[in-house]
Amino acid sequence: MARSIANFLVLSAIIVVLIQLTQAEVQGSFDDNFSKSCPETHFKTSEDGQIWYLSLDKKAGCGFMTRQKYRFGWFSMKLKLVGGDSAGVVTAYYMCTEDGAGPTRDELDFEFLGNRTGEPYLIQTNVYKNGTGNREMRHVLWFDPTEDFHTYSILWNTHQIVFFVDRVPIRVYKNANYTNNFFPNEKPMYLFSSIWNADDWATRGGLEKTNWKNQPFVSSYKDFSVDGCQWEDPYPSCVSTTTKNWWDQYDSWHLSSSQKLDYAWVQRNLVIYDYCQDSERFPKKPEECWLNPWE
């Protein structure tokens with residue numbers, strides 16, 4: 001009897017998790033959830049509409065954004081990056097408070113920096129508060145992101161921001177009520193994806209230029225999912241004190257034991273730039289650099 005009850009409880013827990021995962025998926029067509037900002041020729045879908053292809057050529061890039069704003073939650077998408085010689089090309093997946101680089105925007109960035117054939121992609125993350133960024137980190141990846149789809153996710157609550165690659169935390173940005181107030185937690189954000197030419201800085205500081213003989217450059221997207229608080233004007237319910245959602249409960253305020261092990265491995269092996277260690281740019285370390293992300 002005890003074993004039967006235990007099996008039932010395990011099965012029930014699995015069902016609950018599956019229901020939660022299903023609820024997190026965004027329903028409807030692409031046009032129901034997103035708006036495009038590119039020529040129609042630069043945006044295509046698979047036959048079943050489940051995979052989206054954004055292309056860049058010398059005339060134009062392509063991008064899309066959610067129609068809905070969110071404040072806090074879990075945001076995830078699968079990407080397959082441009083293959084071959086992609087120097088100068090940036091594929092971006094990010095959250096921002098507005099459509100455009102406004103002077104007071106908050107922003108959370110994944111940027112994938114293309115490279116010459118055979119050289120690894122670099123993944124750059126950044127955090128903006130009220131229009132100020134300069135919180136860059138760069139990592140190499142432990143796989144080739146051009147061969148298959150991989151999942152890139154952001155966990156955002158009022159305690160921390162965590163950037164994940166295939167559920168592995170690669171960056172943790174904690175909120176410790178900094179006197180510099182550099183933690184974006186007040187404004188709702190849209191989600192964006194785009195592909196664009198940035199050969200003035202993206203590859204080896206702009207030394208490697210985009211080879212337009214290889215155009216079009218195509219990045220692929222699928223399985224966008226959100227489990228977050230939708231922002232509804234004029235009386236939003238997006239407060240972070242209710243703890244009714246898993247992404248705002250205690251276990252999501254810090255890394256788990258297994259996540260800490262993964263994160264430590266990433267820090268040892270994959271980080272190639274950390275603004276906190278750049279004494280040339282920051283003779284005095286920004287306040288958040290003194291906080292232990294494991295706490």
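The first residue you see is number 1, and the count goes up from there.
Including glycine, each Cβ sits where the backbone N, Cα and C put it.
TrEMBL does not curate its annotations; it predicts them automatically.
As given in TrEMBL:
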ACT_SITE  GLU107  active site, nucleophile
ACT_SITE  GLU111  active site, proton donor
DOMAIN    10-221  domain 'GH16'
CARBOHYD  ASN115  N-linked glycosylation site
SIGNAL    1-24  signal peptide
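Features as recorded by TrEMBL, highlighted on the structure.
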{"residue": "GLU107", "record": "active site, nucleophile", "Cβ contacts under 8 Å, 6 or more apart": "TYR94, MET95, CYS96, THR97, ASN126, VAL127, TYR128, GLY133, PRO184, MET189"}
{"residue": "GLU111", "record": "active site, proton donor", "Cβ contacts under 8 Å, 6 or more apart": "VAL90, THR91, ALA92, TYR94, ILE123, GLN124, THR125, ASN126"}
{"residue": "ASN115", "record": "N-linked glycosylation site", "Cβ contacts under 8 Å, 6 or more apart": "SER86, ALA87, TYR121, LEU122, THR203, GLU208"}
